[in-house]
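Participant: Please read through the structure below; I'll follow up with questions.
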Amino acid sequence: MSRKKVISLLVLIFVIYILQLLFFNFSYFTADRSLTSEVLSVNEGTIKDLEVVDGSFLSTTNDPWIDFHPTIRIIKSIEIEASYENSNSLLQVFYTVGEDTSYSEANSKVLQTKQGKHKYSIDLGDELKITSFRVDITNLNNEKVGLNKFTLNPHENFIWNTKQLLLNTLLLCILMILSYLIYKKIDLIIKYRYQLSGIIFVILVLFKLHGSSIGMWDKYITQKIDTSKQTTLIGTERSIRSDEWLVQVPYMLSQVNNASFNQYHNELVRSDGQNMLLANTPTFTIETLGKPFYWGFLIFNADYGLSWYWFSKMILLLLLSFEISMFLTRENKILSILGSLWIAFSPPIQWWYTTGAGVVELIIYSQAIVTCAIYYFKSDNIRTKIFLWGAATLSLIGFVYTLYPAVQVPLMFLILIFLGVLISDNFKTLSIKKIELYFIIVYILLFFFTVFSFLNNSMSDIKLVLNTIYPGKRMINGGDYSFSDLQLYLINWLLPFKDTTFSNNSAVSSLFNFVPLIMISFIFINKIVKNKKMFLALFLYLIFQISWLFVDYPYFIAKITLFSFVPEARLAGISFGITAVYISIWFVGEVFRLKPFSLIQSLLFCILTFFVYLYSVYSSEMHNYLGAFTIATLLYYTLIHFFLLKGYRKVFLISMLLTIFVSGLTINPIARGTDSIYNKKITQAIESVNEADPDQKWVATDSIVNGQLLIALGVKSFNSVQFYPDLKMWRKLDEEGEFNNVYNRYAHVIVSLTQQKTEFILDYPDRFTVKLDISDLPTTGIRYILSSSNLDQYDVLKKVYYEQVDQFYIYKVKESTYE
């Protein structure tokens, strides 16, 4: 490398570092230091509906609050340091200004809470003369919250964070170097892409690496057996992704040693076991032939299984997105690599990477079916065609048995569109030989055998799911979506670094696309492009999806199209986004190939797109979230459009790669192994008790996380996340069905012991609390209790373990209780 290039690289590294430093200290430079700061403790306020429990506060209603009358009057911002045991409740701050002493919704700010200890900043916008303010800690009953302090007009500190900034800079430089090497050796890399992917996959699995936020467990259970072991290596665990680290990962870990051949149910969950195929977890059943991501859990241990799961998805998503992009761009290799990264590292993919819904898996299966079809029509080799039929069949099995209609239905239509265009283009040359037909019959029989096996083993469970209050009985007919939210991707770049105040980061993430530009330039591009069958098919489907978002359809149309299963937000965030990216990749390929736009046209289209973005941002909460970055964000995305329209390939590619890196690659951490669960003193204690007295039923009290810990450790748990309701047990405790609407749902189940009659309290649509009468323990069959509080007041319990730092207790229910 020449001296000039070395100097340029060093200058670039320095600039990147300085830009990061400025970005992370933006609030420091813009802070008003003339304002007086004041720190308030909980004791200085008037408390309502909050009880002190083990040093924390427990809400006794769904409207607990603390009222303050501060000594300072001019207040611009309030910072609350709090620790929530659960997530997704609402924290609301009311304030009075001037002589008006009554609280109102108009003078209030709402934030969504997260699990663990966090600082919540409330920006009042202007400097207000506040006489009092009230903090509504949560909107949930029985919520446990640790409150540390309340700071008025907090002073910003300069953040050096040298280690993290240097690490970010290093990673960015490595990515730039890799991008350069890929660019130089692109033909060789593409030629051997599958072999290289296999080698990389093996290395990653051998090192037990993954991107799970399993490290969140360290925030709840701090006492390790081996203090030198650490799960999260680089990056930040995402507490908001509780669907992953709290729900799905424990589910998968519970299957490692409990999945038996042809066994659909895990007896550790619910009183009569839970169908784990419905919960989208590893099962040793024939359907798992089409779910290769789970094979690692069934073949290896938990560490290797989690790594296999994570990177088999990522590598397949990259490869299949590349194949789809090659088809859409007429085999433009550079743009296809961009398309691969664009899809695989898009924020919704990364935020929703692991859920019971199987969102990413469904996208991969849909891409695999289409890719098999693309290569099928290209090939003349009978063995290749037979292989592709088999691969497509397994992908179809995976697609069908990843049960999440909200994404399955729109992706199904997307598959049919691709297949329809491919068959239409190749119909005249289509021929099927006899030997190929025999294999097709075998594949069809295999598929229908899986259908028979699935229905035979799961029909009763499916009925339970369909008859739940939440989510089974939803009927959607479209029309409940905002135009502005179609451009939520404008805030993608900030989501990894700043929590939203109007929703959660996962829900507002969106796939970046050029749909506004395509709409604006449609008539022009439609005239000059000749071979546009695929474009028009995708475009028409895109229009239908947009209409579903904004038009209130009759229910019979919703039922006929199956879109009655598709909530508008899920369509916009996932399936519409994938369709929009596909059509955007096609559009980019055609623009670079034809270079059809003049300077005047490019400027005009960019200006119109800018105003679409401007309207979207200022008619939604995006402008409050972006704050001082609003105009810079709009200009940046508009510039990307200009680079595209003028055919400035290199600068367009660099700006797109930068967008992908900042908004997608920074979301999930790099982690290793599962020590955040297994390398804990309480884990060792639970396993020891369970080994000495196996197959007993446990309960985790007053916690949303500990029930999941039990099943991850292979312990039968009375309460955990129940994918469908344990009606058999609940109706024993509620013989008259008084609380059916509370427990007949998918839910996180929390149990609190009491000496009063058992009752069920709905805390949230996906969470309820069982106030369990201690005298009902024999009815439940519970033998052991894992508690985060002292239960010595109950004579029927015998303490067998206590861990002082994390405040864990294990109690055994005395045998006399069952006599």
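Cβ from N, Cα, C; glycine included.
Summarising the annotation, TrEMBL assigns transmembrane segment to 165-183, 195-217, 308-328, 335-353, 359-377, 409-425, 507-525, 534-551, 571-592, 599-618, 624-644, 651-671 (among others). The domain 'DUF7657' feature in TrEMBL is assigned to 191-588. The domain 'DUF7654' annotation in TrEMBL covers 676-815.
Are these features on the surface or tucked inside, and what are their neighbours?
Facilitator: With a cut-off of 8 Å between Cβ atoms, the residues of this chain six or more beyond the transmembrane segment (335-353) that come close are 182, 186, 211, 238, 241, 244, 310, 313-314, 317-319, 321-322, 324-326, 328-329, 359-360, 363, 489, 492, 495, 505-506, 509-512, 573-574, 577-578, 581, 585, 588-589, 592, 653, 656-657, 660-661, 663-665, 667-668.
Outside the transmembrane segment (359-377) by six or more residues, the chain places 280, 290-291, 293, 313, 316-317, 320-321, 323-324, 327, 343, 348-349, 352-353, 384-385, 388-389, 391-392, 395-396, 398-399, 402, 404, 407-408, 411-412, 414-415, 418-419, 422, 425-426, 429-430, 574, 578 with a CB less than 8 A from a CB of the stretch.
For the transmembrane segment (624-644), same-chain residues at least 6 beyond its ends with a Cβ under 8 Å from one of its own Cβ atoms are 26, 30, 490-491, 493-494, 498, 500-502, 514, 517, 588, 591, 602-603, 605-606, 609-610, 613-614, 617, 651-652, 655-656, 659.
Residues of the same chain lying 6 or more positions beyond the ends of the transmembrane segment (651-671) and with a Cβ under 8 Å from any Cβ of it are 168, 171-172, 175, 179, 209-215, 231-238, 334, 338, 341-342, 345-347, 349-351, 353, 492-493, 495-497, 512, 636, 639-640, 643-644.
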Participant: How about long-range neighbours of the transmembrane segment (534-551): same chain, 6 or more residues beyond its ends, C-beta under 8 Å?
Facilitator: 328, 410, 413-414, 417-418, 420-421, 478-479, 481, 483, 486, 515, 518, 522, 563, 566, 568, 571-572, 575-576, 579-580, 582-583, 586-587, 590
Participant: So which residues does the transmembrane segment (507-525) touch in its own chain, when a touch means Cβ under 8 Å and the partner is 6 or more beyond its ends?
Facilitator: 342-343, 346-352, 485-489, 491-492, 495, 500, 539, 542, 569, 572-573, 577-578, 580-581, 583-584, 587-588, 590, 596-597, 601, 605, 608-609, 612-613, 641, 644-645, 659, 663
Participant: Please identify the stretch among 195-217, 308-328, 409-425 with the greatest number of Cβ pairs below 8 Å relative to the transmembrane segment (571-592).
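Facilitator: So the stretch in question is 409-425.
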Participant: Could you tell me what the rest of the chain brings near the transmembrane segment (308-328), counting residues at least six beyond its ends with Cβ under 8 Å?
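Facilitator: Apart from its flanks, the transmembrane segment (308-328) reaches 193-194, 197, 200-201, 204-205, 209-212, 252, 292-297, 300, 335-344, 349, 353-354, 360-361, 363-364, 367-368, 370-371, 374-375, 534, 582, 585-586, 589.
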Participant: Could you give the number of helix, strand and coil residues in the domain 'DUF7654' (676-815) as assigned by DSSP?
Facilitator: 41 helix, 51 strand, 48 coil
Participant: Could you tell me the mean pLDDT over the domain 'DUF7657' (191-588), as a whole number?
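Facilitator: Mean model confidence (pLDDT) across the domain 'DUF7657' (191-588) is 94.
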